[in-house]
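Straight from Swiss-Prot, the features:
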- 7-189: domain 'tr-type G' (DOMAIN)
- 19, 20, 21, 22, 23, 24, 136, 137, 138, 139: GTP binding site (BINDING)
């Protein structure tokens with residue numbers, strides 16, 4: 001299986017927006033090359049996580065090796081790297097692109113170019129990829145291939161005159177894709193006699209084999225029994241197994257330059273394998289590591305707490321297991337007066353947060369409370385100290401803060417021009433600054449700078465609802481800027497509830513505070529005494545709601561008689577309530593927490 005020379009190897013990835021048919025095209029390529037029999041085929045073969053199939057998205061990058069006999073009679077090895085399309089998994093995309101020389105750009109012929117397609121194409125262009133445009137779903141009545149070709153040329157600047165016309169669902173034209181891979185993509189370069197250099201593309205944990213590493217060999221040969229070294233940590237291991245995915249794991253003797261495959265070397269934890277690291281031979285190490293890719297930095301943080309306090313250790317183990325398969329996910333232990341012991345977790349974005357939460361509840365059967373997502377702020381104190389703030393509850397008093405900087409993003413929004421007005425209004429409500437606005441046919445492309453804090457709550461949902469689902473959105477980080485930000489504390493019966501505090505711009509603080517107080521008033525059960533629910537900035541109260549007391553009719557047992565008897569009982573009740581208000585503790589039920597934290601901002 002490994003005797004295919006390097007000039008007949010093609011490494012490629014598929015770039016597409018969500019739902020443009022990327023995983024379906026991968027299925028057809030696997031079927032046409034006979035990698036799996038018809039009996040073994042399932043839809044979305046490479047999306048092997050139940051969650052991926054259910055949501056129709058690709059989360060983890062997957063690889064598969066296909067052998068294809070081309071029209072010139074020669075057998076080629078095609079290594080397909082299936083990449084995610086969603087903005088939160090851009091890190092997975094950058095890894096996949098670093099391992100390939102070319103890309104198929106799949107665009108839905110009825111919908112045209114979307115924002116996430118753009119972001120990934122620019123990454124591929126930066127990685128010097130040869131890009132082959134493919135128009136999918138040309139069999140649909142709504143398909144407009146000529147308009148979409150023009151759009152590819154105008155928006156991306158790629159020549160689309162020889163774009164391939166296919167329907168991945170029916171299999172129409174998929175054979176032309178295989179031929180194009182052979183004729184239009186370059187072969188990898190590499191020297192089999194040089195020092196071993198292999199790029200660590202991904203790693204995941206297998207319960208039986210330990211850590212499995214996905215590699216792309218650049219130079220040298222990787223073989224079973226070899227002693228290898230990780231160049232970033234200096235750790236050494238002996239290779240137990242070398243193989244390729246076709247798409248099942250298939251052991252081979254060696255991996256040669258230009259090939260992609262996996263190795264298993266009895267590594268205990270994925271923390272020992274840094275994605276983007278260079279693997280070399282321990283006896284004859286390479287002098288220089290390969291250019292890796294940028295490590296991922298979490299941009300959204302939130303607290304995760306078990307509803308049942310006994311599940312804390314189980315949550316720690318579960319987070320550790322997810323971290324094994326997801327290098328971009330961070331967590332550290334923290335405690336909250338209201339919620340007990342839990343973890344502060346860092347994510348690449350909101351979809352990433354949602355996926356991790358869902359995996360915790362499905363795969364590990366955990367019931368969790370998540371605090372409101374927040375971003376990382378940079379604090380400059382008056383004594384010259386600089387802090388990074390992940391948790392709003394840790395924000396110091398305003399008197400010692402010189403300035404606060406918040407992260408901004410540069411967002412690209414593609415939308416049919418009928419909905420442009422609503423989108424522009426939404427962006428300006430969220431303190432957006434317009435950078436660019438261009439028209440391509442009947443679609444507009446708006447580029448905005450927005451504070452990330454305004455995007456993490458419900459911006460994506462609002463964007464979809466004001467554009468009836470037609471807008472697509474993509475962003476990249478765009479530095480930090482000083483801003484007038486305040487911490488809003490929520491007080492229940494004059495006690496601060498740390499889990500509900502949040503940071504907002506001063507202009508929106510009062511409104512947000514009022515909303516959360518009103519929501520809590522509905523959710524907290526009434527007590528025997530009055531409860532004040534307040535929102536405060538420092539010591540200044542900006543919003544208040546009062547939850548009325550339950551009243552017990554203490555005079556019910558008095559039939560007739562003197563009024564002073566009734567008055568005495570009422571006075572006694574009043575005294576008791578006053579004392580209760582002073583010493584009474586208000587238990588906020590978990591359902592109230594969940595609802596308040598889920599509240600649309």
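Every residue, even glycine, has its Cβ placed from backbone N, Cα and C.
Keep in mind that this is a model prediction, so the values were computed, not measured.
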Helix, strand or coil at residue 23 (GTP binding site) [DSSP, three-state]: helix
For GTP: widest Cα to Cα gap among 19, 20, 21, 22, 23, 24, 136, 137, 138, 139 in Å: 18
Fewest Cβ neighbours within 10 Å, where candidates are the binding-site residues 23, 136: 23
Three-class DSSP secondary structure - residue 136 (GTP binding site): strand
Residue 19 (GTP binding site), number of other Cβ atoms within 10 Å: 15
Arithmetic mean of per-residue pLDDT over the domain 'tr-type G' (7-189): 76
